[in-house]
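Structure, as structure tokens:
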Amino acid sequence: MATDALYNEVAEIIRCVLAKEKSVRNAVYGSSYKNKKALLRLSCESLKFRPVFDEILQDKELKSMKRDANIGGSVELLYVLMYETLVGSGLTRCSQELKSVISRRIQRIKEVEHAMQDEGRGIKAMKEADDGMKKIQIPRYARINTLKWTADEAMKTLETEKWKILGTLKPENFAEMVTKMKDDEVYVDPHVENLIIFAPNIQNFYEYWMVEQRYLILQDKASCLPAFLLNPRPGSQVFDTCAAPGMKTSHAAAIMENQGKVWAMDRAADRVATMKQLLDASKVAIASSFCGDFLKTDVTDKKFSKVKFAIVDPPCSGSGIVKRMDEITGGNAEKERLEKLKNLQAMILKHALKLPGLKRAVYSTCSVHEEENEQVVDEVLLDTYVRQNYVLKKNVLPEWTYRGLKTYEVGEHCLRANPKVTLTNGFFVAVFERVKSSE
């Protein structure tokens, strides 16, 4: 049935997004499914309510749904079916096989959701939270790709195309001025070099030639912080440990003026292939992109001996990601999953800090959970080797007033980002520096 095809395509898009392979828009517009509008809407909506669905699926009577033969092991397809059942237009137009996945358990699904609602965690609560988020206007951040042109050339070209360049914002009135932006206005960001700001609701901005041809790279401001704070010198070597889709790799290469080398590793071969395409389109000439498991990588290998800088942006819950079209890919991740992520993140960071020539590493997540942020930093700093060789850099970007949680000693030395406070995705950054130079 046609609706089954839609549901299966949405499930694949959700899988890609949660695996950090593609953004929702890139996945939708790269799909062969013709009705892009329906595809985009259902993908965004299913992702938005995913935290509720995840909690429902934790119920002991409903866990078996994940093994239902009719969904072929796709929990992402379950998200779509549950969205249509609990929020959307129902399952009236899909096949009997897909309907049965929900219909055989519908009473228990509703019981669990109602119990969640009584505690303020159900569908209604999510809708109310979403109404609040709609009032937050996150602008479109675009990084000038200095591998293709200079910042001056970019600004002059924007002016010739009738954009109004309003200059550099001041940090103290950033939010006030950004929320008043008109669609033809452009600001220069006060924190991140070569980052400019457009109004949040510009239509078809992805099709603008500067964006399509990657003269401007659409990248959330918070996501620009890792490479910006790493600040690798031209001619140096960087290791991007979990690199796909390559945004931070391309940013590092731009800062390095395409001089030196960036080792860009990721576990998934298809993500590496996509990353290579994006890096090529961005004119990155110094990236060595390859598939591999960083935890199984011999960081003492001679070929990595000149690596002085590392970007550690490991898999995370994605709880900070708030996209346009009300697309929320994160949420209240269950504690068991957070604990597993925390352990993985700490292992990856500790392994990166064992690069023998390393001078500086930036750890980042697009998560709001302290388990993945301050707790990881705390745990890593307790490691004997790390404690003897590294310190957490203090006074990082002092003009950035939104810091880590005060309940942790490391908090004041870390950066946090939040849609309501910084007008960005939720994010966390910490900078580690070697106590003594390895040179």
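Please read every residue number as a count from 1 along the shown chain.
Glycine is treated like the rest: Cβ placed from N, Cα and C.
The annotation active site, nucleophile is assigned in Swiss-Prot to Cys366. Under the DSSP three-state reduction, Cys366 (active site, nucleophile) is assigned to coil, being neither helix nor strand.
Residues annotated as S-adenosyl-L-methionine binding site in Swiss-Prot, with sequence analysis given as evidence: Asp266, Asp293, Asp313. Mapped onto three states, the DSSP output places Asp313 (S-adenosyl-L-methionine binding site) in coil. For Asp313 (S-adenosyl-L-methionine binding site), the same-chain residues lying six or more positions away in sequence with a CB closer than 8 A to its CB are Pro226, Asp240, Thr241, Cys242, Lys248, Tyr363, Ser364, Thr365.
Of the recorded residues, Cys366 (active site, nucleophile) and Asp293 (S-adenosyl-L-methionine binding site) place their C-alpha atoms 21 Å from one another. Counting other Cβ atoms within 10 Å of each Cβ, the binding-site residues Asp266, Asp293 show the lowest value at Asp293.
All protein chains shown were included, and the count of other CB atoms within 10 Å of the CB of Cys366 (active site, nucleophile) stands at 25. In the three-state DSSP scheme, Asp266 (S-adenosyl-L-methionine binding site) falls into the strand class. Within 8 Å of the centroid of the Cβ atoms of Asp266, Asp293, Asp313, where the record puts S-adenosyl-L-methionine, the same chain has further Cβ atoms from Thr241, Cys242, Ala243, Ala244, Met265, Arg267, Phe294, Pro314, Pro315, Ile348.
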